[in-house]
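Pulled from Swiss-Prot, these are the features on record:
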ACT_SITE  227  active site
ACT_SITE  275  active site, proton donor
């Protein structure tokens, strides 16, 4: 069994050694331009077209939760990956836990009005504020996949009203489910906090725009943990300036790194993190990949395979 590995920033040698240990029968090598030798599996992140084109692979693993970088290249270069080759993404591998930590900490930050107290502190102003009531602080999760379900589970501990929206209806205990474009407005109407965990597909690009934001309650909050292309940044800034949106926590952006001249940096109601909400944990990823390869070798049916038509 031959495995090729490519990631522009990961410690390649660590991964190769870990994979060799986890899959002793495998010959693992770092792919470099010009390497056209045979391979059974490819582990990749933002791979060059030449790495995958023409190969008879058993599967490709994207080394992250998203596969948009591969699918976008496939649109321009359909020869990059044969339609018969299964494409897998890292469904969790520790990312769910990280998303839970990020989402819960920020929801509680807003619920306890720490954002307002920070602004008061900046002007040396001492003034207790009325508390928010939990029953009126509905959390809406936009995108109900694996990570969305993890975030919902963690927020249930705090007894917030929860709802989710996705392409198809979900049956999550304690979570009100909305499905399809026809139910999006009803979903948004009660969301004091909107958490975006949508996949990056042509249908979801620019979905968080002026029209969507206007359907939220006045003074709502936005937490974007998915992709920057989901948000029309000028529309969000306008909603923040008008007070329609009271605050935004943004981990992803249309351009990354976020340019220094972006007005988001200096906006008093925006908090920025540099795409760190959920990073790939190497040891857990290696365990998932080795287990999945073993199942593929046995011909078993698996979860986590990407539907290329849907984009996730």
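Glycine is no exception: its Cβ is also placed from the backbone N, Cα and C atoms.
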Excluding near sequence neighbours, so keeping only residues 6 or more apart in the same chain, what lies with its CB under 8 A of residue 227 (active site)?
66, 68, 198, 200, 252
Do any residues at least six apart in sequence from residue 275 (active site, proton donor), in the same chain, have a Cβ closer than 8 Å to its Cβ, and if so which, in order?
251, 252, 253, 256
